[in-house]
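J.: Sharing the features that Swiss-Prot gives for it:
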DISULFID  23-77  disulfide bond
DISULFID  79-84  disulfide bond
DISULFID  88-183  disulfide bond
DISULFID  89-100  disulfide bond
DISULFID  145-201  disulfide bond
CARBOHYD  39  N-linked glycosylation site
CARBOHYD  117  N-linked glycosylation site
CARBOHYD  165  N-linked glycosylation site
CARBOHYD  456  N-linked glycosylation site
SIGNAL    1-18  signal peptide
TOPO_DOM  19-212  topological domain 'Extracellular'
TOPO_DOM  234-242  topological domain 'Cytoplasmic'
TOPO_DOM  264-272  topological domain 'Extracellular'
TOPO_DOM  294-319  topological domain 'Cytoplasmic'
TOPO_DOM  341-363  topological domain 'Extracellular'
TOPO_DOM  385-414  topological domain 'Cytoplasmic'
TOPO_DOM  436-459  topological domain 'Extracellular'
TOPO_DOM  481-517  topological domain 'Cytoplasmic'
TRANSMEM  213-233  transmembrane segment
TRANSMEM  243-263  transmembrane segment
TRANSMEM  273-293  transmembrane segment
TRANSMEM  320-340  transmembrane segment
TRANSMEM  364-384  transmembrane segment
TRANSMEM  415-435  transmembrane segment
TRANSMEM  460-480  transmembrane segment
């Protein structure tokens, strides 16, 4: 309730400075010195920018989406009206060894080639003068690296395509760079020519992206294999197993949309993919909480009273909870994205060519990381309560040799161990993800938390190893999915007697589907 109240108060607060709705900072230019008309419009480089595409800014956005405080100035969304070209330095300066030098001499201007090829949205290629036909952006922050590489399109393997929307495609590795990731500048070449050449950071980020993709794809394959085993092995298709499958399905969808975003394959339906990815990740957390809730219920009550707390069809109730609440959260996030006027409080799904919820500032804590932290805290409570129960049971039955009590203790411990594994796996990995977000501007911490990122991307692989590559599960797979798990060799008469004594069906657990109720 407090978080909701704080969010409402934030929405009601007046904006400290306006931003242009629907316009990325990297699509704007500084128009402070341009003539202003009485209707609020500006005339910039022969382009009339209407009042609704202008706003006052008191910051400069850096390549990593962090903000640097600067003097208040007016910016216009010129790139929505005419194609822009993003320069590294002032427009008439040259660049050598990643540094900007003074303006070109008259002789250099005479031999300089001022034209660039621009690919339009219909696929046609036109030749444009950088100054006369395009809007020059020269006040944006350079890509965040001390040394940049450049492309000489006259050399084999150095071809590139500059698109009308400002993005640049490197042909040799098919990577499309946004205006945050590259800039162009006049450059002297060995043949004594001066041409406009794109500059970009070393490819470590691309290598990281490749390894990220490898880790996620392997996880996706392992999730499919894990789901297949749980569907194939009859003994695993109990209530816990079904909840586990739903958890894996939502985790699969979350990773699927994440890898699409990494390689920009979802750009055609960017906003839709962002909301679907958001829903999937939230659903995975709620299904993890379902497992914790159900185990807590089993630990809290005697088995003959279990049916009094659970609804007649608990799996249906769990589905309503674990899919329904994330759906409501997604609807709220979508509504906020449409109606909230303060740009700093909008989720901004799909902003900056990133087909995910915007993570460039603390707003993500309201819509994404905040709910995630609450669910992690809830699961910690479930874990502590279950641990206390296990401890008390172990203490109470110490010295007893009654077989059913001993087996009950073993089964409870097995179920708790499963929940503990899942909690540590997902809770810890996403906790590191949130920590990584909070410390993203501190390079030393960012490097240290890189291993946590790979741990997060490899969740599906770890689940497969922990839950499938076990002797008991492998034995069931080899036996055709019908053999009882080890430790379940009780005759049918004793099982029937136990069933009648408890008056309720035994759901079993992920670890041991034949566990006592």
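Using the three backbone atoms N, Cα and C, a Cβ is placed for every residue, glycine included.
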J.: Cβ pairs under 8 Å with the transmembrane segment (243-263): which stretch of 213-233, 273-293, 460-480 has the most?
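T.: Per the Cβ count, the answer is 273-293.
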J.: Are there residues of the same chain, six or more positions away from residue 145 (disulfide bond), whose CB falls under 8 angstroms from its CB, and which are they?
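T.: The list for residue 145 (disulfide bond) reads 201, 202, given in order along the sequence.
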J.: Which of the recorded positions 23, 39, 117, 165 has its Cα closest in space to the Cα of residue 84 (disulfide bond)?
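T.: Nearest by Cα distance to residue 84 (disulfide bond): 165.
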J.: Which entry in the list of disulfide-bonded residues, 23, 89, 100, 201, has its Cβ near the fewest other Cβ atoms, using 10 Å as the limit?
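T.: It is 100 that, of the disulfide-bonded residues 23, 89, 100, 201, has the fewest other Cβ atoms within 10 Å.
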J.: Nearest to residue 100 (disulfide bond) by Cα distance: which of the recorded positions 23, 77, 88, 456 is it?
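T.: With Cα distances computed to residue 100 (disulfide bond), the winner among 23, 77, 88, 456 is 88.
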J.: Does residue 165 (N-linked glycosylation site) have same-chain partners at least 6 apart in sequence with Cβ under 8 Å from its own Cβ, and which are they?
T.: 83, 121
J.: Helix, strand or coil at residue 79 (disulfide bond), per DSSP?
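T.: It is helical.
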J.: Using DSSP, would you call residue 88 (disulfide bond) helix, strand or coil?
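T.: Reduced to three states, the DSSP call for residue 88 (disulfide bond) is coil.
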J.: Write down the Cα-Cα distance for residue 77 (disulfide bond) and residue 39 (N-linked glycosylation site), rounded and given in Å.
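T.: So the alpha carbons of residue 39 (N-linked glycosylation site) and residue 77 (disulfide bond) sit roughly 17 Å from each other.
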J.: Under 8 Å Cβ to Cβ from residue 456 (N-linked glycosylation site), same chain, six or more residues apart: give me those in sequence order, or none if nothing qualifies.
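T.: Correct list: 429, 430, 432, 433.
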J.: If you run through the topological domain 'Cytoplasmic' (234-242) with DSSP, how many residues end up as helix, strand and coil?
T.: 7 helix, 0 strand, 2 coil
J.: Please give the average pLDDT for the topological domain 'Cytoplasmic' (385-414) in this predicted model.
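T.: Within the topological domain 'Cytoplasmic' (385-414), the model's average pLDDT equals 61.
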J.: Between residue 77 (disulfide bond) and residue 88 (disulfide bond), what is the CA-CA distance rounded to a whole number of Å?
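T.: Cα-Cα distance, residue 77 (disulfide bond) to residue 88 (disulfide bond): 19 Å.
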J.: Considering Cα atoms only, can you say which of 23, 79, 117, 183 is the nearest neighbour of residue 89 (disulfide bond) among these recorded positions?
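T.: Spatially nearest to residue 89 (disulfide bond) by Cα position is 183.
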J.: Counting only residues 6+ apart in the same chain, whose Cβ is under 8 Å from the Cβ of residue 183 (disulfide bond)?
T.: 86, 87, 88, 140, 142, 143, 198, 199
J.: How many whole Å apart are the CA atoms of residue 117 (N-linked glycosylation site) and residue 23 (disulfide bond)?
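T.: Distance between the two Cα atoms comes out at 25 Å.
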